[in-house]
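Below is one structure, written out as C-alpha cells; comments come after it.
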Amino acid sequence: MTFLSGYIAIIGPPNVGKSTLLNRILGKKLAIVSPRPQTTRNRILGIYNGDDFQMVFMDTPGIHRTRTALHRSMVASAFAAFNEVDIIMVMVETGSGDDPEISDILNNLRGTGKLCFLLINKIDKGSKEKLLPVIADYGRRYPFDAIIPISALKGDGVGLLLDELKSRLEPGPQFFPEDMETDQTESFLISEIIREQIYYHMKQELPYSSAVTVETIDDISRKGLLSISARIHVETDSQKGIFIGKGGRMIKAIGRSARLELEKIFGVHVYIELMVRVEKNWSKDGRALRRLGY
Ligand SMILES: Nc1nc2c(ncn2[C@@H]2O[C@H](COP(=O)(O)OP(=O)(O)OP(=O)(O)O)[C@@H](O)[C@H]2O)c(=O)[nH]1
Ligand SMILES: [Mg+2]
C-alpha cells in the first residue's frame, strides 16, 4: 500500500468560513470563528489521518488590502502559504466575486502552477439558481482543477471535497504522528479561545486592538482543574477601561464565556484569571507584534 500525503491550504478573503471548514473537517474546534472579519491571525495546521493517507490542512488569515503592521503580517503569512503547500483551496462566498481581494488572490495563484480548488461556501444561505452563474464566472477567471460548492457550517459537500482531495494526493511521508491533531500549543489555543470571546463581547474596533497571551497554566489533574492566568493587551488607557467595564463586569463576562468554552474543549474544570494591560500601539509596532506572537 502506498502512503499518500499532502499539505492543503485554505485561502480566501476574511469571514468566508475558512476556520469553520478546518473545524468541520477535523470534527473539533481547532480554530476560532466569529461573525466578524479578520478573526484568524496566525496559520493553524489541522492534521487529518486515514489508514493510508495524511492531509495537513492549513487555515490562514483572511486576505485583505491593509495598512497596519499587524494586518500586513497576517496577509503576508496567508500569501506565504501558496508556496508551502501541495494543494491550494481558495474559498469564496457567492457574493464575494467583485471584491478586490479575489483579484489579488487569483493573480498570486497564476504563478504557482499548483493544483487549485475553488470552494464556494455558505450554500445553505443562498438559492441554487444563483450558484450556477457564480461557478461559470469563476471558471472563466481561473482554470481551477475543481469547483466545489459547500456549506462548512452544515457539512454539505465536505465529504465530496475530501474524496476529491484524496484522489489528488501524491505518494508521500506521514508528516506528523497519528495522534497529533494540530501544531498549536495548548497555551496558544487557550489564548485564541479568550480572543474569540472578545469578538463576541466587544464592539466596533476593540477586538482588533487586543491581543491575548497566556502567562501560566497549572494543570491540577488530580483535582480535574486547569488553572489559567492570561493577559489581554490593549493599545490605550481608555480601551483598558472599556475592557474592564463597570465594576469589572466586562472582563468577568469575557472570562466566564472563555471558561465555558475551554471546559467543553478540555473536559475539565477551568479557572481563568484575566488581566488587562496597556501596550501602547502594539498593532503598529513590529517588535511588540513579535512579542505577542504575530
Ligand atoms: N450560513 C453559513 N455561515 C457560515 C458558513 N461557514 C462559516 N459561516 C459563518 O461565517 C462567519 C465567519 O466564519 P469563519 O470561519 O470565522 O471565517 P474565516 O474565513 O475563518 O474568517 P477570518 O478568520 O476572519 O478570515 C461565522 O459567523 C461562521 O459561523 C456556512 O457554510 N454557512
Ligand atoms: Mg478564520
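Here the Cβ of each residue, glycine as well, is placed from N, Cα and C on the backbone.
Over in TrEMBL, the protein carries these features:
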- 4-171: domain 'Era-type G' (DOMAIN)
- 12-19: region 'G1' (REGION)
- 12-19, 59-63, 121-124: GTP binding site (BINDING)
- 38-42: region 'G2' (REGION)
- 59-62: region 'G3' (REGION)
- 121-124: region 'G4' (REGION)
- 202-280: domain 'KH type-2' (DOMAIN)
Cβ-Cβ distance under 8 Å to LYS18 (GTP binding site), same chain, at least six residues away: ILE10, ILE11, GLY12, THR40, ASP59, THR60, GLY62, MET91
Local Cβ density at GLY12 (GTP binding site) - other Cβ atoms counted within 10 Å: 27
Sparsest-packed of the listed binding-site residues (ASN15, THR60) - C-beta count within 10 angstroms: ASN15
Three-state secondary structure, ILE63 (GTP binding site) (per DSSP): coil
Other CB atoms, at most 10 A from the CB of ILE123 (GTP binding site): 22
Protein Cβ atoms within 10 Å of ILE63 (GTP binding site), excluding its own: 22
Counts of helix, strand and coil residues, the region 'G2' (38-42), according to DSSP: 0 helix, 0 strand, 5 coil
Neighbourhood of ligand 2 - binding-site residues from GLY12, ASN15, LYS18, ILE123 with Cβ under 6 Å: LYS18
Candidates near ligand 1 among the binding-site residues ASN15, LYS18, THR60, ILE63, ILE123, judged by a Cβ under 6 angstroms: ASN15, LYS18
